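A quick write-up on the structure given underneath.
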Amino acid sequence: MENKGVITQIIGPVVDVTFENELPRIYNALKIDRGNGEYLVAEVQQHLGNSVVRAVAMDATDGLQRGMEVVDTGPAITVPVGKAVLGRILNVLGEPVDEAGEVKAEEYAPIHREAPAFEDQGTEKEVFETGIKVVDLLAPYVKGGKIGLFGGAGVGKTVLIMELINNIAQGHGGLSVFAGVGERTREGRDLYDEMLESGVLDKTSLVYGQMNEPPGARLRVGLTGLTMAENFRDKEGQDVLFFVDNIFRFTQAPSEVSALLGRMPSAVGYQPNLATDMGALQERITSTKTGSITSVQAVYVPADDLTDPAPATTFTHLDATTVLSRRIASLGIYPAVDPLDSTSTALEPQIIGHEHYNTAREVQQILQRYKELQDIIAILGMDELSDEDKVTVNRARKIERFFSQPFHVAEQFTGMDGKYVTVKETIRGFKEIIEGKHDDLPEQAFLYVGTIDEAIAKARELMKGAE
């Protein structure tokens, strides 16, 4: 027999329900009939006493009234998983929002589950080849790791995310799940259209909880996407890419309902269980013995304050950071990754090997020296530099340009064929530049090419054109 209750109080997205017979468990999904054939789903958060539970609605509470009937569905929110969700846009409840018919899934899974047990986790640190030179050389990603993508508006976060999705699909045959948490609806639509055009949509599942949706949806949509990714990892044995844009909104949503749930606010008005919420999501993103989930998370930094509790809590979980810089974007170098600001825990000789490590460190030293010399160059010009510094500056400028790379997903905008560069080729190219083997080549030859051989071929063409 169904366990039924009655709404006794509604405050914004928070609904109190009285159950006379049996109280639903914490995180159970409650169904409320709006009376027009539509149902509202709410998730139990607290037991208040006197047979009352407090729940957070996953959709707008407009039109609800006290006295309306509520049904305890039994389990937590369950969403479709498996191959059926590929190529689809779903909402927090796993319902399709792309007008392409119902999702014919053979399996459903609850969005709340424990992180993999300690003995099930993979312990080897394995580098994840992205095919993007600047990332693979200086801030390599770890399989089953978490990567923070920091960048302002218009510096290329979305294009970088799309290229990663493309390279995983083409290069590794892997699957991706994209969770748009508190996304602009327009950006979500753009991403869908671009994926459709570039042909990576059938290897991707999109889960959106947009900015205009109530906090309940933004609070749980990350877990919905993660549940789908976990299924690909555990049942299909896949190496999955899990994108979250934006992880900050995942911490912002509970802070909106925290006071309504009767919790005392903590620092800067955030919810007191901020670290617990974040840990529950992040600890599920890991490698197991069957497969891995590698997560790329766009991080919005409120007022550029990295000590704000939301980004600070995110930092503790990250294995690598990829920082996009407006200065580099303004030079026309894309991807606009800042080579000196981006970091990775995998940049260790015992993980990536001595050749890769030494090349990366030398590249950073040259770029750091170039940065120090820029004031002198701006005031006095190149002629005032020592011969040694002139060589360093020339090599640094070539390295900067060699970091640029044509992307597959931007082919229709740039007119250039996208390039996937293996780690081996990347190391060889930068090593040759550092060793001075290409000091005679013009800077332009290094702009928007793949391997060093392409740069040499481009230099020959430039020289022919000059003649």
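Placed from the backbone N, Cα and C atoms, the Cβ positions cover glycine too.
All protein chains included, GLY152 (ATP binding site) registers 13 other Cβ atoms within 10 Å of its own Cβ. Annotation source Swiss-Prot lists ATP binding site at GLY151, GLY152, ALA153, GLY154, VAL155, GLY156, LYS157, THR158.
Highest local Cβ density among the binding-site residues GLY151, GLY154, GLY156 belongs to GLY151, counted as other Cβ atoms within 10 Å over all protein chains shown. Long-range Cβ neighbours of VAL155 (ATP binding site) (same chain, at least 6 residues apart, Cβ-Cβ under 8 Å): LEU324, SER325, ARG326, ALA329, ALA336. GLY152 (ATP binding site) carries neither a helix nor a strand DSSP state and counts as coil. When the binding-site residues ALA153, LYS157, THR158 are scored by other C-beta atoms within 10 Å, LYS157 scores highest.
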